[in-house]
Each structure stands twice: as C-alpha cells, then as structure tokens.
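Here the structure comes first, spelled out in structure tokens, and everything after it is commentary.
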Amino acid sequence: MCVCVHRLEHARMHAKHKGHEAMHAEMVLILIVTLVIAQLVLVQWKQRHPKSYNLVTLFQMWVVPLYFTTKLHWWRFLVTWFIFSVVTAYVTYRATRKPLECTTPRLVYKWFLLLYKISYATGIVGYSVVMFTLFGINLIFRIKPEDAMDFGVSLLFYGLYYGVLGRDFAEMCADVMASTVGYYSASGMPTKHLSDSICAVCGQPILVDVSEEGIIENTYRLSCNHVFHEFCIRGWCIVGKKQTCPYCKEKVDLKRMFSNPWEKPHVMYGQLLDWLRYLVAWQPVIIGLVQGINYILGLE
C-alpha cells in the first residue's frame, strides 16, 4: 500500500514539473554565466583597484553574517561579533589618528596577534573535532555524532571567520600607520629619510637608555640592513601580512627571520581564509543577483 502511494506521489510530482526541463536548464545556464562573469569582474576589480575592493569586501565580511545570524537568532555568534567589533573599532580608531601615538603600533599588533592566535587555534580544534567525528572517535566519549559535528563545524567557522576579519583589519591598520609615520606611502616612495636610530614601523628610537623615554627591547636587522624593533617587524610581517621591508619594500627573508615554524605565515591557512572571504562576502551577492535575473525573466 505504501509503495503504491509513494509511486502515485512520484507520478504527480513529475506531472507537475512536466515541460519545465527547458526552464530548469535556462536557470542553470544563468547561474553558470553569472558566476563566471562575476568572478572575472571581481578579479579585474581586485587587480586594478585593490584598495576599494578590499574595503568593500571587508565591509561585507563584517555585515553579511550579522544579517543572517540575527534572523536565525544565533546569540552566541552575535555576542562574539559585538565584542570583536567594539575592540577592533577602538584599535582601528587609534591606528588612524594623526599624529600617531608612540604606543599605538604595539597596541594594534598585540590585539591582532592575539586574535590571530585565538582564531588559528580555534580553527585547528574545530577541524580536529570534525575529523575525529568522521573516524568515530566521538563514540568513545559517548557523544552523539551530530552534536560532535555541530561543535566542530561551529569552531571551524569561528576560527576562519575571525581569522579573515583580523587579517584584513590588521593589513589596513598597518598601511595607515606606516603612511602616517611617513616612511611609507601608497606610491612606494618614502616621504622622509629613515635614520639608523629610528624604527620605521613605530617611529620610535631603536635603542634607548634606561633613563630615556622609549621602548627597550631586542632589535632585528633585515637583509636590506634596515633595523627595527623585534616586536614591530614581527607584527608587520605576521599580523599585517607584509613580507617586505616597511621602508625600502625589499623582500623579507622569512625563513631566516622566523626560526620557529609556528611563527611563519601559514600559506595554506591564508589561502583558506581567502576562499572563505569570497564565500561569505561575495557568494550571497552573486546568488541574489541570479535570483533577481530569474525573477525578471519570469523563471521560478
């Protein structure tokens, strides 16, 4: 009896959608063409006007998840998003002030370095939980597969999402601070000469006596012979995603600079963040555009 009912419903569904094959094919074609054109437009935009592209992408990365999570009442994400937004807004405000306070670069790099470490660790834990669940290790601890998978995917999303936002905000702040100090400009030409006793990242003296006002710490000399505070140049390269000298733009030898492999910028992690950036910021826009085209053409 049940088999007959199922076959009857299946036949009704086919009868309902009979003759719609051409329409479905047209919708798929519109989707493919829109994806290809959108990808080409985004690539050209990023190459020709990287600053505006990065700003718009960063804004969408910040706002789009807020819209969906508010509709779904995901309060845990909203709380973390609010905390991140408040602290990052304050740090970004400090980084864009002129003149730049001597304590600002360290504040900026400390916050984004902390965020980088937390997001990276959270992503690794989430990925590990997902893999353990796939291999059934969760059953040893009597945890339901769906609960373990939800927990792992949530951690992975948190790590990747805040990792993307942290890297993008850090890069923006690094550019603004370096330009404000005056040793770097958008054209690539320094606006003033770098003294051997000044750090081009924070603009403070390299070496100071105990009685002097300044920062006492180790220094690091790049292959171009420019010297920086160790924390400043590490923040510039790791947090700000910069792999060139802040003053002369020469390529930084990261292998020689960071002997600890955990301190090196993670290439695969960065590529994964770039993929998530496209997925979160632009994919909803493209899907919305496809739906708009289908609506205008009368396709359902």
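Placed from the backbone N, Cα and C atoms, the Cβ positions cover glycine too.
In TrEMBL, annotation is done automatically, which means it is predicted and not curated.
The feature domain 'RING-type' is assigned by TrEMBL to 199-249.
The feature transmembrane segment is assigned by TrEMBL to 27-45 (among others). A Cβ distance under 8 Å defines the sequence-distant neighbours of the transmembrane segment (27-45), meaning residues of its chain 6+ beyond its ends; these are 52-53, 278, 282, 285-286, 289-290, 293-294, 297, 299.
Look at TrEMBL and you will find 74-93 (among others) tagged as transmembrane segment. Nonlocal intrachain contacts for the transmembrane segment (74-93), taken as residues 6+ away from its ends with a CB within less than 8 angstroms of a stretch CB, comprise 62, 65-66, 107-108, 111-112, 115, 158, 162, 165-166, 169, 172-173.
Residues or ranges marked as transmembrane segment by TrEMBL: 114-141 (among others).
Here TrEMBL flags 275-297 (among others) as transmembrane segment. Sequence-distant contacts of the transmembrane segment (275-297) (same chain, six or more residues past either end, CB-CB distance under 8 Å): 26-27, 30-31, 34-35, 38, 42, 57, 60-61, 64-65, 160-161, 164, 168.
Within its own chain, the transmembrane segment (114-141) is flanked in space by residues 84, 148-149, 151-163, 166-167, 170, 238-239, 266, 269, which lie at least six positions past its ends and keep a Cβ under 8 Å from the stretch.
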